[in-house]
Each structure stands twice: as C-alpha cells, then as structure tokens.
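Worksheet: one structure, shown below.
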C-alpha cells in the first residue's frame, strides 16, 4: 500500500491544487473525497492556468486515474460544464471515474442555500450559494439523490417528485418564495446524468484494488482543516470533513491504508467569507499581500481576507489531521517587507494560550502574540533550492517548521510547477 493525503491546513486556498498536481507526477490514482464545486483549485502548466472545481487535479495526466469519491456532492450541470471546458482545452477525460454513491446537487439545493443565507441577515455564514450545505443535509436526512439514482430514469423521477413536493412547501410557506417546477429539472438533469454515465462506477473498488496492487494513490482534499464541520471554526465552516480522516468516509478506503498526510499552507493566511480570523490584517501590508498574492476566490471572485501566518491554527491542524509533512507555499509574496510576523500564541483575557478555542466568543477576545522576523528584499521567484533563499527567508521557513512541529517537504516561490522546491520526497519510504 502506498497512499498520501493532501489537506489544506488553513481556511482553504492554500495551493492544494498546485501541490496535488506536483505530487501527481508520482501517483497512479488521484482522488477527491469531499466537498463539491464550492472549492476551486488553480493549476498552472507551462504558464497556462486551468481552473477546476470538481474534477481532481490529476486529470491532466491521461495515464492516471482521477476519482470523484462518494463523499463528494456533485452538481451534474457544473460537472458537464467542466468536462466541456477541459475538452475545449484539449484535455482528455477518459481517465475520470465518478462514484455511483456520490450525492447530487439539484437546483432546489441552490435555491434553499440562497434563501437560508438571506434569512440569516447580519448573521450570514458566507456560503458560496452552491447548494453544498442543503445537499449534505439531504444526505444526512436520508432523502438525497445519488449518482446511481440519477442514471435510472424511473427512480430519478420518483425521488425528484418526492423531494420537490417537500422543498416547494418550504419555499412557499416558510420563505414566501416561488416553487420550482418538476419539468424545469427532470429532463435537463437526467440528460446530464447520461452525459456522465460513461465515467460512473464503484470507485471504492478501484481505489482499494490499486492500493492492494501496490500502486501509489493520492487523495486530494478541498477547503481546509479550519473549515471542517467538526474541527473548524463552527458554524463558519463547510458541511463536510476536509480533515485527513474524511478520506476513509469519502472514498471507501479504510484508515489502515493511509500512509502519509501532507499539510499545505501559505507563508501567510487567507480566508473567504465570515468567521474568526485572529491574525487578520486591515492595513497597507494586508492590501499588499492580497494584491501580490492575487487573493481573490477561484469560485466566487471575492477578495480574500489576509493575515499573518498563525502557528496556533497550524498546530491545531497538525493534531486533528495527523499531518506528517508540510508544503509551504507563496513565500515569494512576503518578499519586500521590512519585517514579517508569525503568531506564536494567543492572549485570551490576559492569559497566554497555545490552542485554538472552540468558543467563538473566546476567539473574538483572542489577541495574537507575534514573533517578528527580519524580512528580505530579494526577488526569490527564481530560487530552486533552500540554500539559494536569502538568509532571512531561509530562517523564516525554518521557524515555521519549528513552530508547527512538522518537517517541510516542499516550499514554493511562485505558482508554476517549476517553482516548487523539494526538500524531501513525500513518496519516499513508502
């Protein structure tokens, strides 16, 4: 067995797609295990950017299998659009496999997402309005429609009619909104199902067979640990489990078959939407980081909130996700700053704490305790080894590793594949 999990350690947008793409070169199967098209990842190949939301980053390797696992919620309309986009770019998708157990996002999920968010008023969570939460709600309530159901016209008709009856009562009676027509959904979405039918299978069999045969399998997480519904900044979280433990549920692969967990982080922190963010910057330094780092959401286009690197967050992520290796991205974005800061602990009502509180009220009162390091003026985008980094940048990388308590396997000085520097192979000793 040879398997590696890639997880985001912050609030998403850490560069997981880039690292997954990088590690995919030595994998034979690449699988996603949770989330939906609310998460976007950008891959740069030969200077060209590709933006994906559902399909795993490994799709760009035609000889490798890319898997959409059972833990995902799939909007068939978005998936077909993404497939067409790849085809137009000359990318084959013959290597894609979709779990027949994955749940389907339908228009009523998106409408319910919108209405629920509007009803919260000033207490909005900041959802992407992609229907993710309502789809997972239906899954937990055991009324969800799965990919396998979508492919069977009679079953899809029966379950869609049942669900629409219930949802329309909600829309009309609770939200004073307009009902959704069965006819507006049924034929269109059944046709989407037929367009993806060739890719649908029991992906748990594919993944376990690959591992049993000694093949290298890479699991690609979406969002980040701090958006995990159990371990994140609840309720400002996603509706699934991005933590490494989510792999076993979302892929049908047992925990004994997971070998390493790579935590991906940026040299600073960013967040989309509302919720606690102790190291958030509101000054010109924050604006500079946002602009240089192109911190705008892949899915929403919204400006991301940015702040200093938070080792409290990172140690929390390391603990709950069992991180064995770290990939540190976007060090180049900090170039040119006179000083750089790292949050080493929090001050909570005059007491120093080293853990991340569960209470939102406590988090609001947490003040970051910073360690300040000298910056570096040099352009480091051409650096190809740790030794080539300026001394101050090198010290920053080492200090991050010390504070998090995990060795750094790769560091990146730009978005390109060639700008990822290897300190040790993640696939070694497996």
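Positions of Cβ are set from backbone N, Cα and C atoms, glycine also.
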IMP binding, same site as 13, 14, 15, 16, 38, 39, 40, 41, 128, 142, 238, 302 - Swiss-Prot member from 116, 223, 231: 223
Listed binding-site residues (12, 15, 40, 301, 303), ranked by Cβ neighbours within 10 Å, top entry: 12
Nearest-integer angstrom distance between the alpha carbons (Cα) of residue 15 (GTP binding site) and residue 41 (active site, proton donor): 7
By Cα-Cα distance, the member of binding-site residues 12, 42, 303 nearest residue 223 (IMP binding site): 12
Site with most surrounding Cβ atoms, counting all protein chains shown within 10 Å, from the binding-site residues 18, 304: 18
Rounded Cα separation (Å) that holds between residue 41 (active site, proton donor) and residue 302 (IMP binding site): 15
Least buried by Cβ count (within 10 Å) of the recorded positions 41, 302: 302
DSSP-derived class (H/G/I helix, E/B strand, else coil) of residue 18 (GTP binding site): helix
